[in-house]
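Enquirer: Mind looking over this structure? Questions follow.
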Amino acid sequence: MSAETAAANTATAPVPEVQEQESSKSKQVNLTPAPLPTSSPWKLAPTEIPVSTISIEDLDATRKKKNRTPTPKSSTATKWVPIKASITVSGTKRSGSKNGASNGNSNKSKNNKTAASSTSSSNANRKKKHHQHNAKKQQQMKKDGFESAVGEEDSKDATSQENGQSTQQQQPPHHRNHHHSHHHNSNGPQRRKFHNSNNAGMPQNQGFPPQFKPYQGRNARNNNNNRSKYHNHFHHNQQHPQQPMVKLQQQFYPVQPVLMAINNIARQIEYYFSEENLTVDNYLRSKLSKDGFAPLSLISKFYRVVNMSFGGDTNLILAALREIVANEAATVNVAEGTLAAKEGDNVTGEAKEPSPLDKYFVRSKSWSNWLPETFETEINIEKELVGDALDQFMISLPPVPQQEEESSTELASQEQETKEDSAPVAAGESESSL
């Protein structure tokens, strides 16, 4: 028994070497670094296709494909039928006893609608007859020789618009837009507004129409002898309700907008050659000759002058030039001469139509301060114009017909007679009442 127990104890007892190995393995831990990540957590763009190599054409093609809307497919069985609209009126449900009243109300509303439509149609017919009657009257008046009177009635709206424009032009106008070539060639800043300094010393009522101020130039000296020959004639015409008409470009215009246009053009021409404008107007300075003159035909193509002269009417521009020549206090000189032709001017070979503005030239009185470095324009001056040299371009006002004066006197006498007749009747009634 002792031998068996000894063998069992040896089998169950642990071996010391094996225990030491196991304890050493448990104490030693192998630490290895983590592997590098294969994909970025921020989801960056792949480096296989760089952004610089992507063509814009491919992007446009993809955008067009995305923006394409699917086209509807129509089969042969599709049939388009027009819609027949039916008007339905919604209302509250009522009992059978009230249906009769509702039907009666609906019938009354229908009758009212038909009556209103009939009255509107009758009014429309009356208006048509009235317009036809007026048209016949106008035709008859034209045949009898009263075309000017009819033209005045038709041009009331046009004159009101022109008066509004002319009053706006009477105010200091903004920097004018020159011809299209001026827009491309001028490099200066925007021009200042044109301030008219001659309105302070002018008399208010000189017999001219309302809002009309006779031209006295930019530097007025309160001269009453300003050679304005429109004064006496228009003072006589202002007493009559109808303004005389002036014929320009085969059309008749009232006198008031015509005279205001002449004055505005004269002031605008003086502004172009003022120190305020020439300091910034490189285009106009480049067109000056060695004597400081600029062609009037060039100035007439400027934007503001074209608008003020009813589309570039030469009669209005020459009338404004006459006002400048007749004004002793004008800030510009006007001369008569010829423009020397240069080689290469007429490249197309077309003959240029002559204009009455071609022989007139304008310059500032301080022209020596604004001469350009190189002269593009050559002008042969014949003489300077002063006084009444251009009186032939003054627009003549038509005389007032005497029939209007006779009719006005007859109306005044009739009113006096009616007043005299009514006075004793009132006195008799008062005596009978007492």
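Even glycines carry a Cβ here, placed using N, Cα and C.
Quick caveat, the model's predicted, so the values are computed rather than measured.
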Enquirer: Going by what Swiss-Prot says, which of K25, K65, K156 is noted as ubiquitin cross-link?
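Expert: Record annotation (Swiss-Prot, ubiquitin cross-link): K156.
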Enquirer: Candidates are K64, K113, K287, K352; I want to know which one Swiss-Prot annotates as ubiquitin cross-link.
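Expert: The candidate carrying the ubiquitin cross-link note in Swiss-Prot is K352.
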Enquirer: Here are some residues: K247, K342, K365. Which is flagged as ubiquitin cross-link in Swiss-Prot?
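Expert: Cross-referencing K247, K342, K365 with Swiss-Prot, ubiquitin cross-link lands on K342.
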Enquirer: Considering the residues S39, S422, S430, which is the one that Swiss-Prot annotates as phosphoserine?
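Expert: Cross-referencing S39, S422, S430 with Swiss-Prot, phosphoserine lands on S422.
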Enquirer: Quick one: Cα separation, K352 (ubiquitin cross-link) versus K301 (ubiquitin cross-link), in Å?
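Expert: One finds 15 Å between the Cα atoms of these residues.
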Enquirer: Across all protein chains in the structure, which of the recorded sites K301, K352 has the highest Cβ count within 10 Å?
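Expert: Highest number of other Cβ atoms within 10 Å: K301.
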Enquirer: Looking only at Cβ atoms, how many others are within 10 Å of the one on S55 (phosphoserine)?
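Expert: Around the Cβ of S55 (phosphoserine), 8 other Cβ atoms lie within 10 Å.
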Enquirer: Is K352 (ubiquitin cross-link) helix, strand or coil when read with DSSP?
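Expert: Going by the DSSP assignment, K352 (ubiquitin cross-link) belongs to neither helix nor strand, so it counts as coil.
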Enquirer: What does the structure give for the C-alpha distance between S55 (phosphoserine) and K301 (ubiquitin cross-link)? Integer Å is fine.
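Expert: Distance (Cα to Cα, whole Å): 51 Å.
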